[in-house]
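Engineer: I have a structure here, written as structure tokens, and I will follow up with some questions on it.
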Amino acid sequence: MAPNPASKRKSTHPGAQNGSAAARKRAKTFDARTLAAQSAETALSASGELDVAAYLEAREFEIRALESGMQRSKAALTSRAFQQVPRSLRRRTASHNVKRVPSRLRARAKREMMEDNTPTVTARRRKPTEAMRIRLETARRLQNLNTKTKAKRAHSKANRDKENQKSLEEAGSHSFDIAPRVPKIKKNKLSRPPPPESKFKKRQKCKTWLPTHMFHAKRAHMTTSKDPLWRFAIPLSPTEKSYRPTHRARGARGAIVWDMSYMSTIQLEGTEGALECVLRAVGVDGNEAWGPRGKKWRAGTRSLQVWAYECDGPQRPIAPVTLIRCAEEKPGDVEMMDADKASSVENKNSKKDRKKLFIRVHPSAFLQLWNELLEVSKRQNPPVMIEDLRFEIGSIDITGPGSTEALLAVLRPVESNENSKLSNTPESTWNSLLGVSNPSSLPQNALLAFPISDPRLRFPHKTMRPPSSEKDMQDLAMTLSSWAPDRTQTTPSIFDRRARLAAVRQLPSQKAINRRRTEAGPGRLPTPRDTDPQIPMMLLATRPRAQTKDNNAPGSWTVLLPWKCVLPVWYSLMYYTLSSGGNPRLGGLKEQQQLAFEAGEPWFPGDFPGTRAGWEWNLRDREQSKKEWERRPKGRRVEFDSIDLGANQRGEIGRGWACDWERLVQGAEASDASDPNEKDKKAKAEGEIETRQNGEDEETSVDGLPLGIHHLQPAEADRALRDQNSSVDNSALATVRVSLFNRGTPTPRARIYRLPTTNPELRQKWLSFASAKPAGHKSPGRESSSTGSDPQARLAASLLSAQIDTDVHQEHLPLPSEEDLIGFVTTGNFNLSAGKGTGVGSIQVSKVTLAALGKCKARERTMCIIRGAGERVGRLGYWEVA
């Protein structure tokens, strides 16, 4: 075998191949900062006389060395031109191409490349390598062969058709073009994802790509191929830093967009009574659904957000769901139709009056809810048909002050003569919402449904300027207060599968769109055609669920579209220029968690460990934290077994890298009794967990959560906390919001204690922290005014106060015992919206009831002590039911 040939590329720094990059950079910097100097001794003769010419030459050499050193020092650590662009434009892939740099930096980039002898080449002019040349020639040869084969097939097909036509004419028959059959969705069966393209088939063996996967894969961190989330390749977060920009885009200016096509959609179809029985069986009950408050939802002009429950047994909660009913044609609408259309409507109404309903649920709880609905629907007479529309309907979520503006520019209703004559239609109402900066200002759970045109025909969309005059604001207020779509909303075409398939089939390719734009000419829109698709679309306006005094989070829009129509709308949204500047930002799963945390809302499923979906997420998070902890060397990781918590408590409570709910429910005594076989049981339990996660996803586990752990709704939790006679199960968990009295930030997996119940003296010390003023608090008084005149007295007072503050903060009280542990923090960080550290967690309700706490003030019942996992310091805070 021939030895490996030497590398053709020469080193930039000869003689420094063995050194590291840092050493080469250090040598370059040292060389740039070293100034050459010439000795002045030659300017003096032997007798001591000064030679003026030689002296001036030495000074000239030093001045020139100083000037060159300044230039070299300036260029030693400077960045390149392509590094001076905004963060969102920084890409190393085309840094050698001057055309990829903004115009203001192209001259500088060209000069730098000429100095470095960097050739500016394009893919068209680049000389291919030997392997690339062979590959291109092979591809060209195969393309020519394919062209010849296609031509032969087309010629033989034309001859065959000609012969068939001739034989039919001789026989006196006629040929007919049969329309393609509309493929039906199998009732009461799970659907399969759409078949992927052949070149991407290997990448989608164990997961499904979202419609916008190619867009996200270049700009976001995705779930790994071996560990997808809910069988989808989901974007986790953008590749650029986005924590603070996401907070600003939601509250100050801009917008954030998510592709939420992984949300599951289930359609129920049946009679009115059967649908009501099915929904009541899964826990959709109460005045909001079937009382006077649910009248608009039943009419199909509002959406409804409720929790779904198990049908049998103790009826544990499953997940929050969104219910959307199909609006019916009004009698007035039938009178306005033609005679043929009116007769067809009457024939439809004469049949069994079947209603349609959408249920939107998180994919982590889809299978559990599907099985519950399937079991209940089969009991009805006539039965309710269930359709799995997970891969039929996609969705986009957008929030922020510029969200309505961006949607108005992209989602243009189909222009028709009937809609232009009528007023107060959903289309006209939608076009009048340009001044809305917060979707929460719309009626609660408002809904708009109408067909839209292909947004690519108007690309690039012109920036819309929101109105600012007083008259426009008054008209907008009147529109929002009257809300005409409650009376004029027609049947949404998104409920009709024929309309969805027609939109997908008529959707032109990007090449066809570009051809029509070229024919229209520069600055002109393509002429509308009858064959242009009418994309069925539905808009849902939602508000934050958490209503707190500090909550000023805006609402959001949800756009429902056919699965294959999401991509055209997505590109138009992402490249729309907002009137406030910039484009809408990309959002991932972590941005959802962040904004829900800032709004004080628990995020499903991560903040609901009492549900099956939340428990599986907790196990997943536990495994990831454990692997991360084990990867660290022993000298740099927290040894949870050796932590001294005081009061003869040694070692972390439960697993330090996780929220140990089993330890919380069982208690210390039960866990200590099982210490000899604890390791074996843990290994066995982890093996069972992995088997259940990696096993068949289409079959739900018969057993529920371990130890009967379940989630308690806020209303039930408030009732249990206020009523002294109410009995609560020991394994009931309630989701709470956590805040601190003084400084500090709750972290995930932090331990939540109640105030000490066995040591009254220690309890009073913790209570004194709540009445103490926080650091930096200044109260006006006579002492401050008297000391303000004397500088020396003011300096002495400041030094003394600083010493007192440091002494107070350095004093840490002992922690309560494990008996007072009531829960864990599932989400915690510095809340940019509140300006302080907050958290969301779950607590054991049975330990904070009136019976468990005894006689104490109402304020003391919600006080708690929060200690980070692996830490020995607790901080006083308070909790409230979320």
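Cβ from N, Cα, C; glycine included.
Okay, so TrEMBL annotates it like this:
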- 1-28: region 'Disordered' (REGION)
- 55-270: domain 'Pop1 N-terminal' (DOMAIN)
- 142-205: region 'Disordered' (REGION)
- 158-172: compositional bias 'Basic and acidic residues' (COMPBIAS)
- 510-534: region 'Disordered' (REGION)
- 556-661: domain 'POPLD' (DOMAIN)
- 668-704: region 'Disordered' (REGION)
- 676-695: compositional bias 'Basic and acidic residues' (COMPBIAS)
- 732-881: domain 'POP1 C-terminal' (DOMAIN)
- 772-793: region 'Disordered' (REGION)
Engineer: Please average pLDDT over the domain 'Pop1 N-terminal' (55-270) for the predicted structure.
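Structural biologist: Its mean pLDDT is 84.
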Engineer: Count up the helix, strand and coil residues in the domain 'POPLD' (556-661) according to DSSP, in that order.
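Structural biologist: Across the domain 'POPLD' (556-661), the residues distribute as 49 helix, 14 strand, 43 coil.
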Engineer: If you run through the compositional bias 'Basic and acidic residues' (158-172) with DSSP, how many residues end up as helix, strand and coil?
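Structural biologist: So the compositional bias 'Basic and acidic residues' (158-172) is made up of 14 helix, 0 strand, 1 coil.
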Engineer: DSSP says what for the region 'Disordered' (142-205): how many helix, strand, coil residues?
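Structural biologist: Helix/strand/coil tally for the region 'Disordered' (142-205): 36 helix, 0 strand, 28 coil.
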